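Quick one: the structure is below, questions incoming.
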Amino acid sequence: MPSFLDFVLVTDPIASIASSLAIEQMCAKRQRPNLLITGTPGVGKTTFCEALASRSGLQHVEVSKLVREKRLYREWDDELDCSIFDEEMVQDALEPLLERGGCLLDFHSSSFLDENDFDLVIVLRADTSVLYDRLEKRHYPESKIKQNVEAEIFQSCLDEAQEAFEETTVSIWELQHDTEEHMEDALERAQPSPQHANCLHCSAIPDTLDTPTVSTEGVCVKVHLVIASRQEGCTSCQKSKWQKHRALQEKLSLILFCLLSCVCVSVFFSFLFCFSLLFLGKLTRSINECVLLSSCRCPCQAGRHCRPLAACLNRTNHIKG
Ligand SMILES: Nc1ncnc2c1ncn2[C@@H]1O[C@H](COP(=O)(O)OP(=O)(O)OP(=O)(O)O)[C@@H](O)[C@H]1O
């Protein structure tokens, strides 16, 4: 599994990097990446998102809060004492945010989300005893705690995310999130670190990452670069792709040249053949004439204008024909 290091958030003012090709390609899709942070309730999604948002400048979108505030539900679960969110209503509410990009979407469910809206999925995991304690502190009823702990044991959120994004190139990272150290470790690694922004195609470090700087309201350059690399390849990938294209082009032009040469040569030889036929025809006719002239003697030395000779030639022709 790729570590969080492979997806480091590097922030940089957009103006300084807008000229880079990778960024331009990435911007064509959406200005900033969307990350889905999912996991069983209590694994620490909100805590992680808040910390990540403050470091990366991405916007923390807490979907469960949105559901409560905007009443994006039509049903209520009496047993678990919670709302059953309405997928369509939530989708509609999220659409403008996700279109704009730069969201850290925090929600336990992922099956109803559009796979094209996300660039990375992080599934947080917690040890069952840790999760139990956290939920107990929330004074959840026993049945609700049990249900959530069971969901964590059966890795329901991970399975759901894997199913939702299985047909895509979106990476799904499973991160343990039991302790402060776990979180600190993940966030610590999220510091600018160009050597970790390897291209997913060729493992090269994208050229545009040589001088990353941090700004609180910056853009996740490295995330973008990883995304761009995943989709298009890094500059060296592009170069090798271009070289491959060039080689293919050269081969095609060679084949075309050979074909054209063949056509030209065959046209030339056909003309040559026709001319030779014409020439040979004329030659045989003149030889015939010479033969005829030699077999018919002119009595008056008047050549072709001699009537008896003409009569002789006609006769001979007739006899020959
Ligand atoms: N890495 C961590 N180490 C220690 N405690 C943590 C960690 N992450 C979260 N917690 C604690 O666990 C509790 C639950 O965290 P949090 O509310 O972030 O979970 P959640 O997954 O967002 O839950 P929900 O889906 O219900 O909103 C909080 O009291 C928080 O302080």
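Glycine residues also receive a Cβ, built from the backbone N, Cα and C atoms like all the rest.
Bear in mind that TrEMBL entries carry predicted annotations, made automatically and left uncurated.
Look at TrEMBL and you will find GLY42, GLY44, LYS45, THR46, THR47, ARG138 tagged as ATP binding site. Annotation comment: TrEMBL describes 62-85 as region 'NMPbind'. The region 'LID' annotation in TrEMBL covers 137-147. Per TrEMBL, transmembrane segment is recorded for 254-280.
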For the ATP site (GLY42, GLY44, LYS45, THR46, THR47, ARG138), what does the 8 A shell look like? I mean other same-chain residues with CB within 8 A of the CB centroid.
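Other same-chain residues near the ATP site: PRO41, VAL43, PHE48, ARG134.
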Do any residues, 6 or more residues outside the transmembrane segment (254-280), come within under 8 Å Cβ-to-Cβ of it, and if so which ones?
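None.
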Return the single residue from the binding-site residues list (LYS45, ARG138) that has the minimum number of other CB atoms within 10 Å.
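Ranked by other Cβ atoms within 10 Å, the binding-site residues LYS45, ARG138 bottom out at ARG138.
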Taking the residues GLY42, GLY44, LYS45, THR46, THR47, ARG138, which the record names as binding ATP, find the longest CA to CA distance and state it in Å to the nearest whole number.
15
Provide the three-state DSSP residue tally for the region 'LID' (137-147): helix first, then strand, then coil.
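Once the DSSP states are binned, the region 'LID' (137-147) shows 7 helix, 0 strand, 4 coil.
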Count up the helix, strand and coil residues in the region 'NMPbind' (62-85) according to DSSP, in that order.
8 helix, 10 strand, 6 coil
